[in-house]
Structure formats: structure tokens, C-alpha cells
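Undergrad: One structure is given below, represented as C-alpha cells, and several questions about it will come after.
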Amino acid sequence: MKLNWQQTWIHLQLIFGLMLVKCINKTFCTPFSSEWQDSVISAHSCSVLHTLYLSVFVADEVRQLQVNIPHSGPVSAPLGSSTSIPCLVSLSSASSSSSSPPVIPRVKWTVVSGGVETQILVARGQRVKVNELYRDRAALLNYTSTPNDLSLWLGDLRSSDSGHYRCEVQQGLEDASDLVQLKVKGVVFHYRDAFGRYSFSFRQAQRACEAIGAQIATPDQLLAAYYDGYEQCDAGWLADQYPIQVPREGCYGDMDGQPGVRNYGTMDPDDLFDVYCYIEQIDGEVFHDSIPQQISFGEAQSYCRAAGAELATTAQLYSAWSEGLDRCSPGWLSDGSVRYPIITPRERCGGVQAGVKTIYRFSNQTGFPEPSSLHDVYCFRGESLAPPECSRIK
């Protein structure tokens with residue numbers, strides 16, 4: 001009998017509170033009322049009253065919905081790999097005095113990249129609906145067995161997957177979410193020998209990538225780059241594949257005029273091709289100084305040493321480009337090549353495509369410039385080196 005009186009008293013409190021809020025709304029807080037501008041209670045005050053009511057009359061009745069991504073900083077993962085973004089939820093539930101059935105929550109994962117929000121998937125109960133853009137690449141691995149675990153799995157990661165990921169849960173009138181940043185690191189790039197096209201055996205290709213601070217790219221890394229728009233009509237060692245966005249004569253390979261990554265199949269290690277290299281990150285910075293006049297390759301080496309640095313490698317320049325470096329100034333690199341990084345394509349800066357642009361000696365896009373030719377310079381300073389006493393553009 002005592003329990004029934006407690007239940008009755010709680011219900012009376014709720015009814016009274018609802019009537020009170022309704023009365024306040026009608027009298028003072030209705031934004032469509034003609035007296036709204038002259039109301040003695042501001043919109044902020046009305047909001048406070050609502051919050052006060054909920055905390056006083058509802059807090060004892062319901063456990064608050066909570067969503068938590070247990071990460072203190074950004075999540076990072078290599079290009080072409082997979083990752084899992086953890087998300088845990090503590091659902092609202094009625095107290096033992098309530099006989100109402102629990103409300104099935106609605107789960108949603110979205111990503112914000114470049115100012116655009118994209119829905120990845122939505123789940124409710126046993127049903128999970130994945131956006132076509134993420135088919136076979138996104139899943140809630142533990143959701144069906146552990147409903148409180150909303151961790152998101154992402155596979156075949158691309159650079160364009162970098163962004164801010166939101167885990168959101170709606171349960172009845174409640175809504176809670178948490179946010180974490182994902183950074184996909186790494187860049188794939190085509191590399192050609194200084195003496196001409198298709199000059200590397202497999203072993204030579206490995207050494208060529210290592211010499212510029214990189215490694216041979218894997219098929220998964222090349223495929224991830226392709227899906228982000230990378231195109232190069234040159235066969236290169238990795239799994240002897242090359243990416244084509246726009247099929248054209250001389251670039252059909254085994255795809256019969258369709259876009260995709262071409263594959264020559266298993267080749268003899270002594271066959272000669274270019275190579276696709278990969279670098280994940282650099283521990284330091286690439287910088288380009290404003291110099292009064294352009295310099296030769298030998299002078300560029302001396303210049304960087306005097307600045308407490310060294311000539312940047314091709315791989316380091318590609319990594320810096322992937323992190324946002326943009327310079328319309330061709331400069332020397334450690335392998336004797338001359339290149340420049342473009343983020344925002346513009347007139348007289350390498351055409352309409354972003355990327356690292358290369359200056360070739362010959363019109364068929366082969367050969368590095370003569371060492372005596374004059375250009376700017378790109379230097380690299382590792383994190384362990386002290387900064388030079390000179391002005392530079394970062």
C-alpha cells in the first residue's frame with residue numbers, strides 16, 4: 001500500500017509540473033504571442049525553467065542518456081588500412097516504479113569533412129542501414145551482440161576519409177552524441193628514374209623508394225589513392241598495377257576501356273618499370289625559403305646545410321604536400337629532381353590538377369634538370385635539429 005502511495009505522489013508531481021510549464025509557456029514563453037516582445041520572462045529564462053523542471057521532476061525517474069568516445073585526441077590510421085572508432089552508450093531507462101517498456105534507441109554515425117556532413121550508417125534494433133558510399137567499408141561490429149557498443153569499423157581507408165566523426169544516439173525525446181577526429185596518413189606517388197621511363201627492376205625499384213625515404217606502395221594503398229582520384233598512365237612496381245580514371249589509347253591495360261587499377265599480372269623481377277612509392281609521415285618539416293636568386297643543385301645542398309637542414313627528399317615533399325604545403329616555385333630535392341607542391345591549382349602553376357609537379361629535362365617527361373640549372377630549393381629539418389637563424393616561409 002505504501003508503494004502505491006509513492007507512485008501516486010510521483011505521478012501527481014509530474015502532472016503538476018507539466019501543468020505549470022504549460023501555464024508558463026502559454027502566459028509568458030510563447031514566441032508566437034503578440035506580447036512576446038514585452039514578456040517579463042525572456043527566452044533564456046524560459047529555457048532555464050524547462051531545465052529546472054526536468055532536473056527536479058524527471059531526474060529521479062530516468063537515467064540520463066550518455067554517449068562517449070573514449071579518445072582524448074585524434075585517431076590516426078595509415079592509408080589503405082582499417083580502423084575502429086570506439087563509441088559507448090549508456091541508455092536512458094525508467095526506474096523500477098515505471099512499467100513503461102524501454103524505448104529502442106536510434107544510432108547514427110556521420111562524418112564532417114570540408115564543411116560537409118555525410119551520413120555513414122543508421123541503426124535501430126537489429127537493423128543497420130549503411131550508406132551506399134560506405135558499402136563493405138563501414139560496420140557496427142559489436143552492435144548486435146552488445147547494444148551498448150556502437151564502435152564504428154572503417155576499411156580500405158582513403159585520404160578523403162579524414163574528418164570529424166560523430167556518434168549520435170536518440171532515445172525518445174533524448175539525444176546525445178560525441179565527436180572525434182580521424183586522420184588518414186600517407187600518400188602514394190609515382191617515381192621515375194632520372195635516366196628515363198621504365199628503368200627499374202623489382203629490386204632496383206625497392207632501393208629507389210628507400211633512397212628517397214619511402215617504400216614500395218601496396219596494392220591496397222594504390223587502390224585507396226585511386227578511389228580518391230589519383231591517376232597515372234605508367235606501369236610501376238608494387239603488384240605491377242597503375243591507376244586510370246579516364247581510359248584512353250595506350251592506357252587500357254587489362255580493363256578493356258574501363259576505369260580502374262590496371263594489372264599486368266605476375267612479372268619477372270628483372271622486367272623494367274617505374275615504381276609507386278608510399279610514405280606515411282615525416283618527423284620534421286619541409287620548408288621553402290625566399291632566396292634573392294635561384295641556385296644550382298650544388299649550391300642548394302650548401303644552402304640547406306647552412307640553414308641547419310638538408311635537401312628534402314621527394315618523399316618528404318609529397319608528405320608535406322599531403323599535409324597542405326602549397327608553393328608555386330620549382331625547387332631542388334636531394335635526388336637531383338626539381339618539383340613543387342600545389343594544393344590549389346591556378347594559372348601557370350602546373351595545370352588544373354593539384355599534386356606535386358615535376359620539371360623534366362625532356363618533352364617526353366623524362367630526365368632530371370641539369371645540375372647547373374637554376375631553381376629554388378626545398379629543405380628538410382628533422383625534429384631533433386635546432387631551427388636556423390634565417391627567415392623562411394612555412
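Yeah, the Cβs are placed from backbone N, Cα and C, and that goes for glycine too.
Okay, these came from TrEMBL:
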| type | residues | note |
| --- | --- | --- |
| SIGNAL | 1-29 | signal peptide |
| DOMAIN | 70-185 | domain 'Ig-like' |
| DOMAIN | 187-279 | domain 'Link' |
| DOMAIN | 285-381 | domain 'Link' |
| DISULFID | C328-C349 | disulfide bond |
Undergrad: Kindly report the helix/strand/coil residue split of the domain 'Link' (285-381) according to DSSP, in that order.
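TA: Its residues divide into 19 helix, 26 strand, 52 coil.
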Undergrad: Just to be sure I understand, if DSSP states are collapsed into helix, strand and coil, how many residues of the domain 'Ig-like' (70-185) fall in each?
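TA: Helix, strand and coil residues of the domain 'Ig-like' (70-185) number 6 helix, 60 strand, 50 coil.
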Undergrad: Per-residue pLDDT averaged over the domain 'Ig-like' (70-185) comes to what?
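TA: A mean pLDDT of 91 is what the model gives the domain 'Ig-like' (70-185).
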Undergrad: Counting across all protein chains present, how many other Cβ atoms fall within 10 Å of the Cβ of C328 (disulfide bond)?
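TA: Here the count is 14.
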Undergrad: For C349 (disulfide bond), write down the residues of its own chain that are at least 6 apart in sequence and whose Cβ falls under 8 Å from its Cβ; none is a fine answer.
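TA: Non-local contacts for C349 (disulfide bond): C328, I342, K357.
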